[in-house]
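K.L.:
Let me begin by handing over the structure; questions about it come next.
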Number of protein chains: 2
Amino acid sequence: MSGKNWRIGVAGLGTVGGGLLNFLSDRPGFAPAGGQAVVTGVSARSRSRPRPFDISNLAWFDDPVELAKSPDNDIFVELIGGSDGPAKAAVEAALHAGKPVVTANKALIAEHGAELALLAETKGVPLLYEAAVMGGTPAVKVVREAMVGDDIRSISGILNGTCNYILTEMEGMLGQQGPADAFRAVLAEAQRLGYAEADPTMDVGGFDAAHKISILAALAFGCAPNYAAAEIEGIEQVALLDIQLAKDLGYRIKLIASASRSDEGVLVRVHPTLVALNHPLAQAGGALNALFIEGTRIGTIYLQGPGAGAGPTAAAVAADIADLMTGAVRPVFQKPAGQLNPFTPVDPAKSMGRAFLRFLVKDEPGVIAAVSETLAEAGVSIESFLQKPVENADGVPIVLTTHAVAESVLTAAIDRIANLPSVLERPRLLRIARI
Amino acid sequence: MSGKNWRIGVAGLGTVGGGLLNFLSDRPGFAPAGGQAVVTGVSARSRSRPRPFDISNLAWFDDPVELAKSPDNDIFVELIGGSDGPAKAAVEAALHAGKPVVTANKALIAEHGAELALLAETKGVPLLYEAAVMGGTPAVKVVREAMVGDDIRSISGILNGTCNYILTEMEGMLGQQGPADAFRAVLAEAQRLGYAEADPTMDVGGFDAAHKISILAALAFGCAPNYAAAEIEGIEQVALLDIQLAKDLGYRIKLIASASRSDEGVLVRVHPTLVALNHPLAQAGGALNALFIEGTRIGTIYLQGPGAGAGPTAAAVAADIADLMTGAVRPVFQKPAGQLNPFTPVDPAKSMGRAFLRFLVKDEPGVIAAVSETLAEAGVSIESFLQKPVENADGVPIVLTTHAVAESVLTAAIDRIANLPSVLERPRLLRIARI
């Protein structure tokens, strides 16, 4: 409980930066471990832009790298964003100067985490990033610190609130006379409400969730983050019909980010996934984030909460600042940077799992027989089958779920089915969660 | 990342102590922050008792206080249990000797936390107790560290796995021709399976959950734990009929421990509570523990996992040991012991809430009118009402739920209803969760 005062430099004054300044001015004595935290300098793109908080008493830096190097602050908080450019340059400058860093930047940690960890640990300073994953919900702390006495087998969760919001809203449209492209309609409304960015690619394409699960995989399995090895599919192709048919079969479609470890290596994936309706992950709706952690000793931990927003994310940054104030020094990932396990990616084609397949077929005799024979010949075993009458459709949708099958076997079967004359379009494949 | 080796003394070699020794021998290099943790000395009641792990290479201490004082270990781990006696004496001795302490002892922290915190902080050494609440699920860490940048309004959860197991099993008996006293029957089976102690009072009486919520209240609200102020009701009086009628009304009965803060002060309660079936807490079945944390900035965090067992609890102790190895120094509760807020208990009689009331009445005209008139005169407003036909009963059970009402108004109304000639026994009151 030192009486030390910590002077903080904040680079980036958007939603989270503003939330942090508001928080620290609301709680002037913020000092969970004694001492006091006070913002002394800031940097952002525009000094004069109108803001709902006052920066006139703070030292201004046009260049975040200069703020990071400045001897007038003891902690550098990076809230600029982006995997490269000024964010990376400023974090590196702060670490080089022997200054602890707090960042909310998932892209930076997922893509350059190993080298930054080495730099931070060489300099003996913490690099913390709680706000990078699940915003205000302490996923990083739970995996890094609470599960440190466990051997984690797998992690899976809902790590992107925008996608979860869109999928939840799409489900709400079932049974209504909705627009032809439900995804685009809901996305446009989410953009209008500020729940989705003007360029939504990072979110709806699954890239944001992939950054986050890459970070959690590093913490869980003691390897360097390897974003490049993540297999990524977004939610752009999820149709209302998929959501309806999944529900009829007892599932809800969620964008699930997962990381699992086996003797072969590590598999990190993001894709739309069918989750059984009674599973907690299926019940986390709207913009919620949720995480399921399976360990060999502890068993299963489930964590759910807000994944974004000024209040929650700023609170996560503040929690990291509080951690710094305790004097704790931990490895940036599970182990010291020089001892991290090699990240050996597992070939997704070899991974086993259950699948949901949707076909659009001609309404004529023998179609179902042809599809099921093709699957049987390929070695894919059908678990359930559903055909619903559809009015005025170009074809008849049929859907089936399979028993566990290797992904390579499944895609080979799909290729053959796609070529059947009675099948009108390439079958739609969605995975069913193992959890 | 110091290379320091930490020598650990472990007092208490029961389930958790054995789990810890097994863990540290499975993971000889356990050193999340560098260095190494190695057990050097142990103490327990009997040295010669057969154990599934080897202690022959470890220094033996008949007296845990001597182990706590010994210069041959750097960390003292207390797994003896009990709020007083040798556990307290040994923890005090270790702290007096300037030695960090890790304990799983909820009774000790809940009943003597304030004085131990003062001693630990005077000596400048950490006192950690993650395993005291929710076993392997990091409730303490989440409330103490992750929510430190938030103002928590309330915490509620399922903190006793034995009670949750019993209530889940009782619900499984619905519709069967079960024993007259379902609670006693399930308890006896739980004892046979090792899920309940030979003397189950601490668990089924709600006292264990009250210890845990008292600790979480201290962490959440920055006050000293005040176990004596907790209002406690166990599950002994929960009848199968209550479980059935609650379910008919859309609720599940859980033993909920809650702590809430208002301008008047802090209210800490443990009682059987009706939780809406679609709420996550209603869906945490069996021996699971679960916690709902409501903050003003972050919003709501939900955490679920195992609350007991050798593996999970030992992993929580190991996580605390890892925290010590980082060099972190935090207050034992939310704030330094000398600055904790006074714990001002709120009079439960003034607390507002919805209620479930079950009556056994004579099967004769005018009974329902008499009951509802009495409630109306007392100022209690009925929300829903249910009467089900029951065969061969001594009377007819009726059940109703009320709108929010002050507890004092409600109990006064119950007193009057109990005296009505057509009411055969004192009405049964269960609270409905606010969450």
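The chain as shown is numbered from 1 upward.
Backbone N, Cα and C atoms are what each Cβ position is placed from, and that goes for glycine too.
Any TrEMBL annotation is an automated prediction that lacks curation.
According to TrEMBL, the protein has these features:
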BINDING   B:Ala11, B:Gly12, B:Leu13, B:Gly14, B:Thr15, B:Val16, B:Gly17, B:Gly18  NADP(+) binding site
BINDING   B:Lys106  NADPH binding site
BINDING   B:Glu197  L-homoserine binding site
ACT_SITE  B:Lys212  active site, proton donor
DOMAIN    B:356-431  domain 'ACT'
K.L.:
Quick one: what's DSSP say for B:Ala11 (NADP(+) binding site), helix, strand or coil?
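P.N.:
The residue in question, B:Ala11 (NADP(+) binding site), is strand (DSSP, three-state).
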K.L.:
Including all protein chains shown, what's the count of other C-beta atoms within 10 A of the C-beta of B:Gly17 (NADP(+) binding site)?
P.N.:
28
K.L.:
Which residues, in sequence order, are found in the same chain with Cβ within 8 Å of the centroid defined by the Cβ atoms of B:Ala11, B:Gly12, B:Leu13, B:Gly14, B:Thr15, B:Val16, B:Gly17, B:Gly18 at the NADP(+) site, excluding those residues themselves?
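P.N.:
So the additional residues around the site are B:Val10, B:Gly19, B:Leu20, B:Ala44, B:Leu79, B:Ile80.
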K.L.:
Determine the most Cβ-crowded residue among the binding-site residues B:Ala11, B:Leu13, using a 10 Å radius around each Cβ and all protein chains in the structure.
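P.N.:
Output for this query is B:Ala11.
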K.L.:
Around the residue listed as 'L-homoserine binding site', how many other CB atoms lie within 10 A of its CB?
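P.N.:
Cβ-Cβ neighbours of the residue listed as 'L-homoserine binding site' within 10 Å number 14.
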K.L.:
So which one is it: of the binding-site residues B:Gly12, B:Gly14, B:Gly18, which has the fewest other Cβ atoms within 10 Å?
P.N.:
B:Gly14
K.L.:
In the domain 'ACT' (B:356-431), how many residues does DSSP call helix, how many strand, and how many coil?
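P.N.:
Counting residues by DSSP class gives 24 helix, 26 strand, 26 coil.
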K.L.:
Taking only the Cα atoms, work out how far B:Ala11 (NADP(+) binding site) lies from the residue listed as 'NADPH binding site', in Å, as a whole number.
P.N.:
16
K.L.:
What three-state secondary structure does DSSP assign to B:Glu197 (L-homoserine binding site)?
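P.N.:
In the DSSP reduction, B:Glu197 (L-homoserine binding site) maps to coil.
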K.L.:
From the recorded positions B:Lys106, B:Glu197, B:Lys212, pick the residue whose C-alpha lies nearest to the C-alpha of B:Gly17 (NADP(+) binding site).
P.N.:
B:Lys106
K.L.:
In whole Å, how far is B:Glu197 (L-homoserine binding site) from B:Thr15 (NADP(+) binding site) when you measure between their Cα atoms?
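P.N.:
Distance (Cα to Cα, whole Å): 13 Å.
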K.L.:
Enumerate same-chain residues with a sequence separation of six or more from B:Lys106 (NADPH binding site) and a Cβ-Cβ distance below 8 A; give 'none' if the list is empty.
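P.N.:
Once residues fewer than 6 apart are set aside, B:Lys106 (NADPH binding site) is near B:Tyr129, B:Ala132, B:Val133, B:Asp208, B:His211, B:Lys212, B:Ile215.
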